Amino acid sequence: MRKPVIAGNWKLYKTTSEALELVNELIPLVKNASGVEIVVAPVFTVLSTVKNALKGTNINLAAQDCFWDEQGAYTGEVSSTMLLDAGCSHVIIGHSERRQFFGETDETVNKKNIAALRAGLTILFCIGETLHEREENQTFTVLERQISGGISGITKDELKNVIIAYEPVWAIGTGKTATDDQAQEAHKFIRGVVAKLCDSESAENIRILYGGSVKPENVKGLMAQKDIDGALVGGASLKADSFAHIVRFSE
């Protein structure tokens with residue numbers, strides 16, 4: 001049985017005081033939530049502060065990106081081992097905004113995936129097609145390329161610490177959401193690609209999250225789908241009550 005994951009990507013929001021206010025509101029709202037893995041991903045500058053606030057709670061800490069080398073002359077970068085040192089257990093890699101604005105490629109995403117896994121982090125590995133690619137019927141081609149490139153060189157054992165997040169780029173921050181059927185179709189395909197590249201056991205066990213305008217109003221329908229194992233939440237994770245509602249989708 002795959003344990004659902006609800007992860008909040010705070011993106012470039014929340015100063016230290018705002019982040020503390022948010023987690024302090026969130027903690028009591030989700031403390032009794034069972035059967036779900038909860039993750040929040042603040043900006044780098046507040047990771048240690050948020051980690052201290054989360055001590056003894058059921059909420060895991062993630063970073064929004066990492067670099068592929070452990071150390072070196074890479075101005076502005078943060079390594080996986082540094083994230084671990086800051087108290088992170090998870091890291092988001094390959095988000096479409098990183099691909100779009102910062103030139104992430106399947107190759108650089110793969111290097112980051114491997115570095116994070118070997119440092120001991122669980123990765124939230126993001127994939128997804130643009131509106132143009134969907135309209136050109138390229139969705140499955142793009143997803144297979146991204147998965148194949150992203151998990152190249154990753155062992156079956158390491159794959160246990162990989163969570164895939166499917167985020168159709170056209171649904172991120174637009175208010176548009178894939179229908180339940182569209183999301184399930186993509187998730188089923190993704191699981192099939194993992195089976196083809198690895199094996200059926202790995203495919204059955206890997207958790208695949210949906211991301212793209214997930215809200216309290218649509219989470220139940222998405223989570224009712226056979227191959228959807230959770231959500232990577234953007235805007236709705238910036239308010240404690242809406243994120244808690246998503247975390248408690250099964251209640």
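Glycine residues also receive a Cβ, built from the backbone N, Cα and C atoms like all the rest.
Listed by Swiss-Prot as binding substrate are Asn9, Trp10, Lys11, Gly173, Gly234, Gly235; the candidate from Ser17, Ser213, Ser250 that the record includes in that site is Ser213. Between the candidate binding-site residues, Gly173, Gly234, the densest Cβ environment within 10 Å is the one around Gly234.
A separation of roughly 9 Å, to the nearest angstrom, links the Cα atoms of Glu167 (active site, proton acceptor) and Ser213 (substrate binding site). Here His95 (active site, electrophile) is positioned 10 angstrom away from Lys11 (substrate binding site), judged by their C-alpha atoms. In terms of local Cβ density within 10 Å, Asn9 ranks first among the binding-site residues Asn9, Ser213. The most crowded of the recorded positions listed here (Lys11, His95) is His95, judged by how many other CB atoms sit within 10 Å of its own CB.
Using a 10 Å radius centred on the Cβ of Trp10 (substrate binding site) and all shown protein chains, the other Cβ atoms total 23.
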